[in-house]
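A.B. asks: I have a structure here, written as structure tokens, and I will follow up with some questions on it.
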Amino acid sequence: MSESKVYPVKAHISNGALLDKAGYEAMYRASVQDPDAFWGEQGKIIDWMKPYTKVKNTSYDPGHVSIKWYEDGLLNVSANCLDRHLAQRGDKVAIIWEGDNPAEDRKLTYRELHAEVCKFSNVLKAQGVHRGDVVCLYMPMVPEAAIAMLACTRIGAVHSIVFGGFSPEALAGRIIDSGSSIVITADEGLRGGRPVPLKKNVDEALTNPDTRVSKVIVLKRTGGNVAWHNHRDIWWHEATAAASSDCPPEAMNAEDPLFVLYTSGSTGKPKGVLHTTGGYLVYATLTFKYVFDYHEEDIYWCTADVGWVTGHSYLVYGPLANGATTIMFEGVPNYPATNRMSQVVDKHQVTILYTAPTAIRALMAKGRDAVEGTSRQSLRIMGSVGEPINPEAWEWYYRTIGEERCPIVDTWWQTETGGILISPLPGVTDLKPGSATRPFFGVQPALVDNMGEPLEGATEGNLVITDSWPGQMRTVFGDHERFEQTYFSTFPGRYFTGDGARRDEDGYYWITGRVDDVLNVSGHRMGTAEIESALVAHPKIAEAAVVGVPHEIKGQGIYAYVTLIAGEEPSRELHKEVKEWVRKEIGAIATPDVIHWAEGLPKTRSGKIMRRILRKIATGETDSLGDISTLADPGVVDKLIREKSEAA
């Protein structure tokens with residue numbers, strides 16, 4: 001096999017695994033040769049109120065992109081995650097909640113979770129939420145976040161979750177775009193020992209005159225002081241106290257919207273990724289089962305926040321549809337002690353751990369302290385998600401956290417894909433550190449050059465997917481034209497991922513990162529355009545350009561070139577002020593790591609900023625700038641290089 005390091009499947013894994021190499025090959029072959037037959041059979045992994053007779057009805061044709069799966073079937077997501085388990089697994093723990101403070105934890109059985117979801121479903125109905133309405137969630141990592149999600153699905157409402165780290169401005173934009181008239185939040189969140197002012201942020205977001213929110217349901221998490229609007233605000237505990245724990249699930253069409261989740265694009269404002277009910281749930285359920293080699297007795301921990309797609313698919317829906325025990329962690333991996341993540345593994349006897357390279361690199365920087373005094377013997381499978389994992393971090397994770405016992409499933413997928421597209425499978429795949437390896441069933445990746453010509457064999461190029469799969473997003477909320485433009489216009493007839501990849505001689509895929517103007521910071525996607533817009537909204541800034549630079553913990557750091565308006569001078573105070581400004585406009589996650597005060601930016605004669613050059617300057621690769629003859633003023637480049645060395 002190519003690439004220096006290969007870790008073959010270990011006997012103790014293959015002996016108990018759901019699939020072996022031959023099983024994978026046969027299933028994969030069937031999935032691409034006859035998708036209708038394959039997905040028709042796999043669709044039965046969930047329960048249907050009215051079985052489907054149609055399976056796949058999809059088109060990637062220019063101007064006619066349309067994606068439908070199981071389109072005449074009826075089902076309910078919450079019934080699949082709860083009701084169907086009550087007879088056999090009613091007393092099994094569904095959610096283990098581990099608080100920010102290690103002294104706080106809770107367990108909810110499937111029966112208890114079912115009752116809470118029914119109560120909250122009735123609360124939503126009483127507040128006038130109807131089938132098809134969009135409900136905005138801005139919640140901490142507590143079981144009530146999952147309860148609210150499942151309650152929406154029970155009554156046929158569409159949830160739009162906004163990560164609790166986003167600013168009031170970012171929250172308002174998402175509330176307006178989705179048309180939410182109700183927000184579910186908490187007084188405060190807790191993270192790393194510090195309160196997060198969720199209710200205060202909601203109050204501020206709702207001062208935007210374009211919001212149309214009539215009700216805010218508030219969970220009491222910390223008991224911190226919050227402002228109160230009597231006609232608008234409702235306490236969660238008061239509303240649920242009198243609610244009935246009986247609420248029959250709505251029969252939803254497979255193509256009814258399930259949720260909207262906003263993600264950054266390379267241009268303009270974030271786009272609402274729309275996922276529908278049937279195909280999404282089939283895909284989340286099936287990928288969870290096979291990628292994590294799920295067995296009934298497993299204790300599964302995905303460290304992602306519910307505000308990200310990983311939290312949707314692999315903390316809530318995938319695990320619960322499989323009847324698994326899923327851990328929900330409010331805190332951060334290194335608080336109050338460096339070995340917190342390992343402590344949680346031991347405390348709850350976690351068998352499957354799914355986390356992000358950023359967390360792994362942060363722990364790796366602490367060395368053995370990250371595992372001090374813990375055994376982690378319960379671990380069986382470990383996963384990585386959010387961005388490509390560098391081989392050094394992979395090796396450390398494998399050796400130090402998993403003690404060379406646990407295969408690592410390095411999963412590649414996106415908000416848009418609904419679930420994992422490329423990943424090793426335990427029991428099947430020999431591992432190579434840093435490679436996402438092979439495609440999941442029904443997923444047909446290809447590499448193309450910049451002209452869209454297919455590249456064969458071992459090569460590198462733009463990663464496209466040539467046919468649809470059930471978990472694929474259906475459209476951009478309210479803007480199908482943007483959906484086609486973003487994903488299907490670059491390489492017509494194919495879904496363009498926006499990522500580059502390398503394929504080795506064993507057919508393994510190595511994701512090389514974004515090829516568009518999107519950054520991946522700590523596993524979170526951010527469009528450079530979004531950060532640039534926030535910067536130029538500052539009254540003293542005339543122009544800004546943002547590029548990604550390597551960062552040893554976050555994967556990518558944010559490097560901002562900033563040109564001030566005439567008459568303004570750079571200063572330490574302004575530097576601090578600009579960082580604060582971005583934090584307020586978008587959230588702490590978008591704060592620039594470097595601000596480079598630039599007199600001018602390299603532009604073509606048509607006025608386009610040459611980001612390629614800015615990237616090279618930011619990373620110090622100034623001896624390989626390439627052709628700069630098309631620049632309107634080539635002298636700008638020397639000036640930028642000088643400024644950088646002076647700033648350093």
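Cβ atoms are placed via backbone N, Cα and C, with glycine included.
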A.B. asks: Would you identify which residue of ASP430, ASP499, ASP504, ASP506 Swiss-Prot lists as part of the ATP site it also attributes to GLY386, GLU387, PRO388, ASP410, THR411, TRP412, TRP413, GLN414, THR415, ARG514, ARG525?
C.D. replies: ASP499
A.B. asks: How many other Cβ atoms are found within 10 Å of the Cβ atom of HIS538 (Mg(2+) binding site), counting all protein chains shown?
C.D. replies: 18
A.B. asks: Give me the Cα-Cα distance between ARG194 (CoA binding site) and ILE541 (Mg(2+) binding site), rounded to a whole Å.
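C.D. replies: Between the Cα atoms of ARG194 (CoA binding site) and ILE541 (Mg(2+) binding site), the distance comes to 32 Å.
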A.B. asks: List the Cα distance (Å, whole number) between ARG191 (CoA binding site) and HIS538 (Mg(2+) binding site).
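C.D. replies: Cα-Cα, rounded: 29 Å.
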A.B. asks: Which whole-number value in Å describes the distance between the Cα atoms of GLY193 (CoA binding site) and ILE541 (Mg(2+) binding site)?
C.D. replies: 35
A.B. asks: Sequence gap of 6 or more, C-beta under 8 Å: which same-chain residues meet both conditions with respect to THR415 (ATP binding site)?
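C.D. replies: In sequence order, LEU261, THR263, VAL273, TRP308, VAL309, MET473, ARG525 meet the Cβ cut-off.
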A.B. asks: Which of the three DSSP states, helix, strand or coil, fits ARG583 (CoA binding site)?
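C.D. replies: Going by the DSSP assignment, ARG583 (CoA binding site) falls within a helical segment, counted as helix.
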A.B. asks: So which recorded positions are near SER522 (CoA binding site), with CA atoms within 10 Å, out of GLY386, THR411, ARG514, VAL536, LYS608?
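C.D. replies: So far as Cα distances go, the recorded positions lying within 10 Å of SER522 (CoA binding site) are GLY386.
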A.B. asks: Report the nearest neighbour of GLY192 (CoA binding site) in space among the binding-site residues GLY386, THR411, TRP413, ARG514, comparing Cα positions.
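C.D. replies: For GLY192 (CoA binding site), the closest Cα among GLY386, THR411, TRP413, ARG514 is found at GLY386.
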A.B. asks: Of all the binding-site residues given, GLY192, PRO388, which residue's CB has the most CB neighbours within 10 A?
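C.D. replies: Per the Cβ count within 10 Å, the most buried is PRO388.
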